[in-house]
Amino acid sequence: MRLLSLAPDRPRRGGPRHLTSGSPALPPPPPLLLLLLLLGGCLGVSGAAKSSRRPNVVLLLADDQDEVLGGMTPLKKTKALIGEMGMTFSSAYVPSALCCPSRASILTGKYPHNLHVVNNTLEGNCSSKSWQKIQEPNTFPAILRSMCGYQTFFAGKYLNEYGAPDAGGLGHVPLGWSYWYALEKNSKYYNYTLSINGKARKHGENYSVDYLTDVLANVSLDFLDYKSNSEPFFMMISTPAPHSPWTAAPQYQNAFQNVFAPRNKNFNIHGTNKHWLIRQAKTPMTNSSIQFLDNAFRKRWQTLLSVDDLVEKLVKRLEFNGELNNTYIFYTSDNGYHTGQFSLPIDKRQLYEFDIKVPLLVRGPGIKPNQTSKMLVANIDLGPTILDIAGYSLNKTQMDGMSFLPILKGASNLTWRSDVLVEYQGEGRNVTDPTCPSLSPGVSQCFPDCVCEDAYNNTYACVRTMSERWNLQYCEFDDQEVFVEVYNLTADPHQLNNIAKSIDPELLGKMNYRLMMLQSCSGPTCRTPGVFDPGYRFDPRLMFSNHGSVRTRRFSKHLL
């Protein structure tokens, strides 16, 4: 299957004759421009003569792929070609367990409260005109292209509302992308429309030419063969899998017939001592609900087999073209997922490990094989890390994340964070759900059994802390209960026991203060020492206003 019209007599290497760029064409920069790029941006590059040897970067992004429930199990080739050839992170998190806010954080290196991207709608700033004007010029791909001279290639799902007529339609190509093959709106496998450098192309339901994961694989291989060889490249390939509707390729539709959703300790149990949205789930789940989520779990794994094929093809092509040894490859997901945990059928959005923890595998120059890192990283670190690879200083950006390139290269005596912020603004319907008339307005994502996965006051913020002594999660809800959840994940990895009422009050106060600090952080202040870091300083007076009242928690309809 080929998406690009390639000349039969075209050599297999060379400039992009038929790959037309999404923004104005990106020829190799003249020597003076290259010098300006080096001096003004990517200072890590040691001279124009070495520009062709700057590292390439590939970012592979899955959609809704969990880590906690075994989401990497189907990806045997991916684990062998990336994880075993480099580093696997066992503590990788997202700052918001929902597609658009998480993807916006990846692109910008910022927490949701600094983006005001709060959900998957235009009103929630997902690919809105405001996002396009304020944030897109400052994404790390835009910096790679404008300041570092990288060719930039995108293929797949961008943001959930991309292509909306009220926000430029499919003609909008975000600043910073040389080659643009973006899916209109949310993940599909057939019957979708792509923006090919700003021009719409419809696809049907013929597997050989339309199955989206394979389409993305083929157009990516074409880019590798027909790009310019005079400049480094960055590729972002964003697959639909394993997002619903979970349509597997024909050859994989009978795979994993004996696989079921994991029956771990928090499967199909009541969420005791948790906030009301979790407590409202019906326990035990009905047989029909369990059959549904088992089927969904199986189909999710089936769709990932095509992603595994994509990764294999990509790595083999990089090797064939002589570029593999000079290319960093990242594999991750935008959020986790749950299937029956605390009797919630299927979704993401919640604060628990299964929704906020994601796979992260990296290989590349200077990374030793077969490594596992326990260092606490987040998807806001991807942009800073990739810019660091390109030689661009994080200090020139307003990003909240940190570069973990030193971790990848085995730096010793490294000063690193001990906590990250997780924040989410709940969504609800203004009217009663017609399928569940007994429920009040304000809930959403409801299933036929009238179990709802979201609500207006499912709005929370958490500090996820990992240090030598502590493995904690502290969360506060913006609801009438003023609910707090705290978990010691060393003793309670499945988050069964909320210890908010039994934990040391002094520690609780420190965590509350740290949460407020992180919710108001921006740029460098997001990287200050956490509660358990040696450099941390706690002044309880800062928790009180001049009037002596306890400082209020920082929630608003825009998450700050």
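Don't overthink the numbers, they just go from 1 along the chain as shown.
Cβ from N, Cα, C; glycine included.
Residues annotated as active site, nucleophile in Swiss-Prot: C99. Counting Cβ atoms from all protein chains shown, C99 (active site, nucleophile) has 22 others lying within 10 Å of its own Cβ.
DSSP classifies N335 (Ca(2+) binding site) as coil under the three-state reduction. Using a 10 Å radius centred on the Cβ of N335 (Ca(2+) binding site) and all shown protein chains, the other Cβ atoms total 26. What Swiss-Prot records for D63, D64, C99, D334, N335 is Ca(2+) binding site.
DSSP assigns N119 (N-linked glycosylation site) to coil, not to a helix or a strand. The annotation N-linked glycosylation site is assigned in Swiss-Prot to N119 (among others).
The N-linked glycosylation site annotation in Swiss-Prot covers N125 (among others). Counting Cβ atoms from all protein chains shown, N125 (N-linked glycosylation site) has 24 others lying within 10 Å of its own Cβ.
Sequence annotations record features per position, and here Swiss-Prot assigns N-linked glycosylation site to N191 (among others) based on sequence analysis. Long-range C-beta contacts of N191 (N-linked glycosylation site), restricted to its own chain and to partners at least six residues apart, with a cutoff below 8 Å, comprise H203, G204, E205, D210.
The N-linked glycosylation site annotation in Swiss-Prot covers N206 (among others) and rests on sequence analysis. Taking Cβ-Cβ distances under 8 Å and a sequence separation of 6 or more, N206 (N-linked glycosylation site) has no neighbours in its chain.
Sequence annotations record features per position, and here Swiss-Prot assigns N-linked glycosylation site to N218 (among others). When other Cβ atoms within 10 Å of the Cβ of N218 (N-linked glycosylation site) are tallied across all protein chains shown, the result is 18.
What Swiss-Prot lists as N-linked glycosylation site is N325 (among others), and the listing cites sequence analysis. The Cβ of N325 (N-linked glycosylation site) lies under 8 Å from the Cβ of P365, each of these being in the same chain and 6 or more residues away along the sequence.
Taken from Swiss-Prot, the feature N-linked glycosylation site covers N370 (among others). Long-range Cβ contacts of N370 (N-linked glycosylation site) within its own chain (separation 6+, distance under 8 Å): E84.
Mapped onto three states, the DSSP output places N395 (N-linked glycosylation site) in helix. Look at Swiss-Prot and you will find N395 (among others) tagged as N-linked glycosylation site.
For N413 (N-linked glycosylation site), no same-chain residue that is 6 or more apart in sequence has a Cβ closer than 8 Å to its Cβ. For N413 (among others), the entry in Swiss-Prot reads N-linked glycosylation site.
Secondary structure at N430 (N-linked glycosylation site), as computed by DSSP, is coil. The annotation N-linked glycosylation site is assigned in Swiss-Prot to N430 (among others) on the grounds of sequence analysis.
Within the same chain, the residues at least 6 positions away from N457 (N-linked glycosylation site) whose Cβ sits under 8 Å from its Cβ are L277, G426, G428, G442, F477, D478, D479, Q480, listed in sequence order. Swiss-Prot lists N457 (among others) with the feature N-linked glycosylation site, giving sequence analysis as the kind of evidence.
The N-linked glycosylation site feature in Swiss-Prot is assigned to N488 (among others). Neighbours of N488 (N-linked glycosylation site), defined as other CB atoms within 10 A of its CB across all chains, total 15. In the three-state DSSP scheme, N488 (N-linked glycosylation site) is classed as strand.
According to Swiss-Prot, the feature 3-oxoalanine (Cys) maps to C99, an assignment based on similarity to another entry. The secondary structure of C99 (active site, nucleophile), as reduced to three states from DSSP, is helical.
The feature phosphoserine is assigned by Swiss-Prot to S549, with similarity to another entry given as support.
For the recorded site, N218 (N-linked glycosylation site), the DSSP three-state label reads helix. Ranked by CA distance from N488 (N-linked glycosylation site), the recorded positions D64, C99, N335 have N335 at the top as the closest. Separation of the C-alpha atoms of D64 (Ca(2+) binding site) and C99 (active site, nucleophile): 8 Å, rounded to the nearest whole number. Among the recorded positions C99, N119, N125, N218, N395, N430, the ones whose Cα sits within 10 Å of the Cα of D334 (Ca(2+) binding site) are C99, in sequence order. Here the binding-site residues are D63, D334, and the one whose Cβ sees the fewest other Cβ atoms within 10 Å is D63.
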